[in-house]
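Working notes, beginning with the structure itself.
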Amino acid sequence: MAFFMLNSDHSRINIPKLKEKAIYWAMSHGILMRTKGTHASSSCSDHAPFALFPSVTLHSLLEEAYSVQVDFNLLIHKVAHDYNFLCNSLKSVIEVDDFTKNMWEIYEATLKQDDKRKQHVNLGIFRSDYMLHCDKGSSSLVIKDFAKHLQLKQIEINTIASSFAGLATNMVSVHRYSMALAGYYEIENQVPNNNPANGLARGMVEAWNFYGKANSVVLFIVSSCERNIFDQKLVEHAIFEINPKISIIRQSLEDICQNGYLNEENKLIIDGLEIAVVYFRDGYSPDSYKSQQDWETRKMIELSFAIKCPSINYHLAGTKKIQQELSRPGVLEKFIPDGSRVQKLRNTFVEQYSLEMTPEGEEAVRLALENPSNYVLKPQREGGGNNIYGHEIKEYLSKIKNSTERTAYILMERIFPFTQKNILLFEKSTDIVDTVSELGIYGIIVGDEHKIHMNEQVGHLMRTKVQGVDEGGISAGFAAIDSPYLV
Ligand code: ADP
Ligand code: MG
Ligand code: MG
């Protein structure tokens, strides 16, 4: 098993040879990313960063993560339909964070819409991310007793552009191959089947069926020079495999501004095609909106009759601020009536604190300044590379502690994940290094305020980074795609 292999008996493995073979297998199976700096129309690509071996994970914790996903889907869905909760939770953020404020204004515009011109069905493609928190220095653990020291702890839940379902699907075969090359053949149960690409596609097909118009199409909103295009293409192809009659078009917000409009029935028409489903793989960060024009385009899409993934209320429900508010005692109960299900969700939470200008906020500032290495400071951003850690928390909070600027952030208790040895194949491969992993579970929900039509857990994503790197994210260049190796 990988855990032992790289800790002790790897001398019999020809690692350079194995790396080369694994890279060819990965590239032949679509583990690709467009080469940095190439033109948008170029298909020139390298392998996406990936871990040479899968990472040891407890089967029971993967099952735990799977088992709570449909309730997390439902929770986000209910939060997204609760105006008062969204408003009370986000009002202090909106005052200081323009990005969230722009989203909020679009949300308010949807509330004023005439019911008949409005699309009531939501499509959620979520990914709930966790680390396996280890309450003991994991380098000293032996495999047989490490289980009792691990707990599944949530990092965040993503409601927009939850990526890597395509590449994660194809990683299974890469890792079965690399393990076999290392002499481990009986591993079908250890590197479990995983097909989130199909799950995402089924969600989109379900939404398309709901829209119910034969020649309507699915629109992927992408950035103009998207490196992660192969991941998106694998999802596109999975839609084709379910229903080859559904066409997919890809456009940026800028393109849509040029080519799109709302017709008299409030249908979104782009290049003469009626859009049934809009799937956002861009639009989650301030950089996605190059001008006010792009915000106008987002608003046009939002007010259209197309089914949005995510709709603006789902997007707002995925902010870090909402997740912090949901972690307060008694709040989950408002949305999920069953006490034992609430307990299972809450077991995955660590402490989170508001940084509003209240006594609670003062206390959070004090905690963070006193012990910055035990916390992460998070703004309302997505995509990796935005959080503040360790001594920088101290510097930053000291500067802004008397300003309302601090309310744009939340403070989260730091999770210390289990570490293990691996080799990560970035542009340049690492040596055998200590790594930590983040496990994501994909969830799909389709429904309106009153009725849920589909609510499923559809597979997982494992991402692994070198221990000591604070940030995460594959596109952001911190992490490599991985698979769990179940024990
Ligand atoms: P984003 O939406 O930008 O991905 P995340 O909340 O996932 O924001 O944070 C980015 C990365 O920071 C995560 O992938 C993880 O590696 C690290 N991180 C976030 N929260 C914590 C935490 N509480 N403890 C330890 N690491 C964290
Ligand atoms: Mg995120
Ligand atoms: Mg994240």
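Even glycines carry a Cβ here, placed using N, Cα and C.
Automatic, uncurated: that is what TrEMBL annotation is.
The substrate binding site annotation in TrEMBL covers Arg127, Gln232, Arg463. For Gln232 (substrate binding site), the number of other Cβ atoms no farther than 10 Å from its own Cβ, over all displayed protein chains, is 20.
The Mg(2+) binding site annotation in TrEMBL covers Glu156, Asn158, Glu382. Over all protein chains present, the Cβ of Asn158 (Mg(2+) binding site) has 21 other Cβ atoms lying within 10 Å. Under the DSSP three-state reduction, Asn158 (Mg(2+) binding site) is assigned to strand.
A C-beta separation below 8 Å, combined with a sequence spacing of at least six in one chain, links Tyr389 (ATP binding site) to Pro372, Val376, Leu377, Arg414, Asp470. Sequence annotations record features per position, and here TrEMBL assigns ATP binding site to Glu156, Lys320, 378-387, Tyr389, 412-415, Glu438, Lys465, Glu471.
Residues annotated as domain 'Glutathione synthase substrate-binding' in TrEMBL: 217-317. Each residue of the domain 'Glutathione synthase substrate-binding' (217-317) gets a DSSP state, and the totals for helix, strand and coil are 42 helix, 26 strand, 33 coil.
Checking the binding-site residues Pro379, Glu382, Tyr389, Arg463 against ligand 2, the ones whose Cβ sits under 6 Å from it are Glu382. For ligand 1, the nearby binding-site residues are Arg414; that is, of Arg127, Pro379, Tyr389, Arg414, Lys465, these have a C-beta under 6 Å from one of its atoms. Across the residues of the domain 'Glutathione synthase substrate-binding' (217-317), the predicted structure has a mean pLDDT of 97.
Shown are the binding-site residues Pro379, Gly385; of these, the residue with the fewest other Cβ atoms within 10 Å is Gly385. Report note: the Mg(2+) site is defined by Glu156, Asn158, Glu382, and the residues of the same chain whose CB lies within 8 Å of the CB centroid of those residues, excluding them, are Arg127, Asp129, Ile157, Thr159, Ile160, Ser162, Gly318, Lys320, Gly383. Glu156 (Mg(2+) binding site) sits 8 Å from Arg127 (substrate binding site), taking the C-alpha atoms as the reference points.
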